[in-house]
């Protein structure tokens, strides 16, 4: 499997055993969970040899911990931490608590063996997530032993599941693309979900590829020969679209994406004005050629409203370097993007166009 060691060689401060108050990053000060660990072993020198695996994974003894929790001490409040979100400064003080569990010759927990005492690890110097295309294993290491984390405690279940699922997604994606680097993003997602049929495999969902998109992009980008593959480029584009959709949704707080707005919000007035600008140049009034008949248009009449597609065209033209595109190629590019634009993104331009139509109707009343 592939391994991602974190902060190897860093030694963290040892904390004394005491009853602990836990809070996940999503919780608030009133949502703590009390956990008492008065009986937890605080020194690895107290661990009997019976908990060492017969076949160590490396030079140090190999042990296993079940019902685990990983946390950072913050002034007496233990904040639950994700092992793959610890690349921060200053370095956190990481502690691990779990119940010692016996392993068989294959490195798997012995089902008939009763659980051992709780062990609290301080001074954790290294942790890693190892995986192949179907399984994920979490390890922590100290100067005394390597510990395989078998399962989470109830308070750590959510972070554990997130870590396992996004790692499994990346593992499957890497394995599939190493077999066929020509897969598109949609094909890759289909094959990733298809591996759910393998016995005992995690049951992953297609939408999770985008939910954990940044992590998967990072793993693919750092895998040899995959940094420029089609699937990676496709995933980046999906992330970009998702970010645009979220930005559009934030403009309409509380709006139901399945319902058409009866009236567009006044906040679109500035966006309409911005998109109607012609590169900051003052619009000149057309002049009739010599001998030609004037069209008689009143220069004070309100400007006609623009369509959603016209506003989208303005948006795209502002994004690209116009000097690199011919008129025909750019028009084709804009048309293709408009056809594949997700409904939630298109709705933003529909709302802008609707607001512009309302602006035109009001100005027409005043003009008349």
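Each residue, glycine too, has its Cβ placed from N, Cα and C.
Pulled from TrEMBL, these are the features on record:
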- 274-305: region 'Disordered' (REGION)
- 274-285: compositional bias 'Basic and acidic residues' (COMPBIAS)
- 302-368: domain 'HMG box' (DOMAIN)
- 302-368: DNA-binding region (DNA_BIND)
Revision key, fill the gap. Per DSSP, the DNA-binding region (302-368) contains 54 helix, 0 strand, 13 coil
**Study point:** Arithmetic mean of per-residue pLDDT over the domain 'HMG box' (302-368)
**Key:** 83
